[in-house]
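Taken straight from Swiss-Prot:
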type	residues	note
ACT_SITE	D70	active site, proton acceptor
SITE	R13	site 'Important for substrate specificity'
SITE	T71	site 'Important for substrate specificity'
SITE	Q153	site 'Important for substrate specificity'
Amino acid sequence: MTKRLILASQSPRRKELLNLLQIPYSIIASRTEEKLNRNLSPEENVQCLAEQKAGAVLAENPDAVVIGADTMVCIDGECLGKPHDREEAAHMLRRLSGRSHQVITAVSIQTHDRKETFCDTTEVTFWPLSEDDIQLYIETKEPMDKAGAYGIQGKGALLVKKIDGDFYSVVGLPVAKTMRALKEFNIKA
């Protein structure tokens, strides 16, 4: 018997990406508090957050297969979260301007007796951005709910010079790796 699949996320981008697999699922947002542990690497932190999100939803739905995911943007060893205001968004975009950074997405798939967590890292390089470029992009309000203050799937694509890795991982869910991992839980596209 196939278990019910739950996406532990409110992210519209993750929902769109999971829809690509054309498998039935429901959404139950995880209510975990996202706190970084300064003693862990960015990869370890993003994996812990993905595991916490999936685990919290699994605790309330023990007969399900739960997917939790988290994405971080890192530059110079520092992780950039979602900006709190326009000024912080501008500061993040100035840091990313003309440089390469890493986007790390972790996915944790869990059942009551099994857990598989993996991490995917993609390198993204921005074009050099003028102050006008930054302010015009912030005016779109797109940066405000995204790690690193940009969305590669939207107008933020105009900031990107090059990407080395999985585009969908940058958006928030490495679809091909997720599909392969779900097969191990007998959930097939």
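Even glycines carry a Cβ here, placed using N, Cα and C.
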Listing them in sequence order, which of the recorded positions D70, T71, Q153 have their Cα within 10 Å of that of R13 (site 'Important for substrate specificity')?
Q153
Once the chains shown are all counted, how many other Cβ atoms turn up within 10 Å of the Cβ of the residue listed as 'active site, proton acceptor'?
27
Once near-sequence residues are set aside, which residues in the chain of Q153 (site 'Important for substrate specificity'), 6 or more away, have Cβ atoms under 8 Å from its Cβ?
R13, V171
Counting across all protein chains shown, how many other Cβ atoms sit within 10 Å of the Cβ of T71 (site 'Important for substrate specificity')?
25
Is R13 (site 'Important for substrate specificity') helix, strand or coil when read with DSSP?
helix
Mind giving me a neighbour count for R13 (site 'Important for substrate specificity')? Other Cβ atoms within 10 Å of its Cβ, every protein chain shown.
20
